[in-house]
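To keep things clear, I will list the structure first and then write my remarks on it.
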């Protein structure tokens, strides 16, 4: 599981800071999360292949999380994309994108699917054989979702020595990997535990931005491997955080602690502060494993 | 008159090339022309003051000429802008911007005026005491205008020695600057030519992008000081230029020659070529004063 932060600053694109966008690579899938202005250039700078993006998740319809989407969709057209593209985001996102494509008399040569979200409860919005994605309803000034990406249980690992010893036919390997016991020709039942090893543990990633401090999300992200939680302000501006429905670094760390996640990645910093290290220092007073997000940073969670 | 090219490449923003946007400073006014994705970052990089932009002209609704507009309008809000902002562009631009602001529940604290264009004839769309702006109807895949910025005649310059010699009261200086003759107390009429010098000649700038080769624009831009004309392709790709309704460098130079402009600035290059110098070389076979546009370049026409 690998996370690339294309942009993790609040509000407005600047010369060296970019609005929210990130790429999660998990089980050979590449998910784009949010798409602020300049995302396509950040993808290029970070040498991420446009063609590997098939699913885009948009948390909410504030510009710093989605003004780069229409341009990316247009660039996919110019690149002669053929593969389906799926966009998951709040109701309205389809109207916004299609209106602009219509006025520019541009039509995608690929199928563009919008999955519009309106539920205030967590729901499964993507699922294939390896990954499942659920919404994390957040509290912000407009309708907003975080996203929880969970690996599905991996196959058990074949105990090669054991299956050879019992002379088990290869046809049964799949059954063993999925946890089944094997009955030999002589009627003897070999329990799965003798024929396989536990799979690698599954990983999960929770993206939570933008949101006011909200303990209601804790059960949804309990024990996640990695939590990205916005920290627009420091605790000294807790009043501004509350007023604008954002969080402080301390609040982000508190959520991480309550949810017992392994690592907390901070981001969505206001540019009012002299140094983003201040966010890390504040969060570390509450939670031990704080990773300081920054544009272009790559976190490898293998 | 000063022209800053924020972006002058076709199609899609890349790591080192930007889509169309430029700033024309003329008679202490600052006009933004087109606004591709990333324009606000380019404004910052070029240290141009956001607050000086009060009028934005959008040629057409293709993304590489306007996807940066909604973000710029949003950033003006965050910067707590109070001054009126005027946007001139094709019909539809208002709907596109307001839809996005509505979904993000964002409202400008300043007055935002849209001047939507639909005419296929040249028309005056802006005029104050110093500058006049007219559309230049262009032929492209969708409704498109170029823009002609013309300085209004400046005041005549006072001949200080002459007015002192005739002991003319200061109250008459304004009349002299505007070309009037002066009658002295003794009835003698002093012709204006004795009391003032010719004003500096007025300047004009014609922006023409995107467009197929179109001689119909020549009368509108006749004798302009500076013509920015798109040159998406070289003559070797003249077929592609025609098909996509763009121009070649040679065609841009031909228009410059027919219109008898002083200088031609090239831009809107396709990134397919190894070097933009090729555009200049091709244009110079037709027209002598070719200026090679590039992102971040500033042309001072004083």
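Glycine is no exception: its Cβ is also placed from the backbone N, Cα and C atoms.
Those TrEMBL annotations? Automatic predictions, nothing curated.
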Exercise. Where TrEMBL shows B:64, B:65, B:268 binding Zn(2+) 2, which of B:210, B:225, B:300 is named for the same site?
Worked result: B:210
For this session: For chain A, give the subset of the binding-site residues B:62, B:65, B:140, B:210, B:268 whose C-beta is less than 8 angstroms from one of that chain's C-beta atoms, in sequence order, otherwise 'none'.
Result: B:62
For this session: Around the recorded Zn(2+) 2 site, report the further residues of that chain (criterion: Cβ within 8 Å of the mean position of the Cβ atoms of B:64, B:65, B:210, B:268; site residues excluded), sequence-ordered.
Result: B:10, B:11, B:19, B:20, B:34, B:36, B:59, B:60, B:62, B:209, B:230
Problem set entry | Residues near residue B:65 (Zn(2+) 2 binding site) in space but at least six apart in sequence (CB under 8 A) | B:19, B:20, B:34, B:35, B:36, B:58, B:59, B:209, B:210
Seminar exercise, completed: So residue B:268 (Zn(2+) 2 binding site), by the Cβ count within 10 Å over all chains shown, scores 29
Problem set entry | Zn(2+) 1 site, defined by B:60, B:62, B:140, B:210: further same-chain residues with Cβ within 8 Å of the Cβ centre | B:59, B:61, B:65, B:138, B:141, B:142, B:144, B:209, B:211, B:245
Exercise. Closest of the recorded positions to residue B:268 (Zn(2+) 2 binding site), Cα to Cα, picking from B:60, B:62, B:64, B:140?
Worked result: B:64
